[in-house]
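Participant: Right, I'll just put the structure down here and ask away after.
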Amino acid sequence: MKTQRDGPSLGRWSLVLLLLGLVMPLAIVAQVLSYQEAVLRAIEGINQRSSDANLYRLLDLDPRPTMDGDPDTPKPVSFTVKETVCPRTTQKSPEDCDFKEDGLVKRCVGTVTLNQARDSFDISCDKDNRRFARLGKFFRKVKKKIGGGLKKIGQKIKDFLGNLVPRTAS
């Protein structure tokens, strides 16, 4: 008659299960992407779906919003990409490509998940018109400063000419 000592002991199975329990959470944690890694993956997807001739590369990443800890919950993202000199057909990573001088700049918004296994994103990109808005703001400031300066100069000339008029003694 066999006893428990002849087969695998309960202690060994407990040890194996304990080790598996310790290893599994590490494997799950390793699959969670950082905010920036998730955005870079989304840019890879944008480049694959794009009909433009060249790859796009991250130009500016807006600050990470406060988020919950669930990697499966879609996280809001917003960033700017710029056209590079590398053609879409290249095997290079966009990060290895230089930005194209006067390349197209796109503003992208949407959501990404940080769970590497799900690897989902919903991003839309439009031509970035913010730089033109900033240019308009710059010209308004210049106009205001020049206008104010001209008024001061005009007032000083008026005062100077007013002092040149001979005064009559009464």
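Cβ atoms are placed via backbone N, Cα and C, with glycine included.
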Participant: Cys97 forms a disulfide with which residue in Swiss-Prot, given the options Cys86, Cys125?
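Facilitator: Swiss-Prot annotates a disulfide bond between Cys97 and Cys86.
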Participant: Can you say which of 33-45, 111-123, 150-162 is given as region 'Active core' in Swiss-Prot?
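Facilitator: The range carrying the region 'Active core' annotation in Swiss-Prot is 150-162.
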Participant: Per residue, counting other C-beta atoms within 10 angstroms of the C-beta, which of the disulfide-bonded residues Cys86, Cys97 reaches the highest number?
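Facilitator: Result for the most crowded candidate: Cys86.
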Participant: Take the region 'Active core' (150-162) and count its residues per DSSP category (helix H/G/I, strand E/B, coil), listing them in that order.
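Facilitator: Reading the DSSP string over the region 'Active core' (150-162) gives 13 helix, 0 strand, 0 coil.
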Participant: Within a 10 Å radius of its Cβ, which of these disulfide-bonded residues (Cys108, Cys125) has the fewest neighbouring Cβ atoms?
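Facilitator: Relative to the other disulfide-bonded residues in Cys108, Cys125, Cys125 has the fewest Cβ atoms within 10 Å.
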Participant: Whole-number Å distance between the CA of Cys97 (disulfide bond) and the CA of Cys125 (disulfide bond)?
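Facilitator: With distance taken Cα to Cα, Cys125 (disulfide bond) is 20 Å from Cys97 (disulfide bond).
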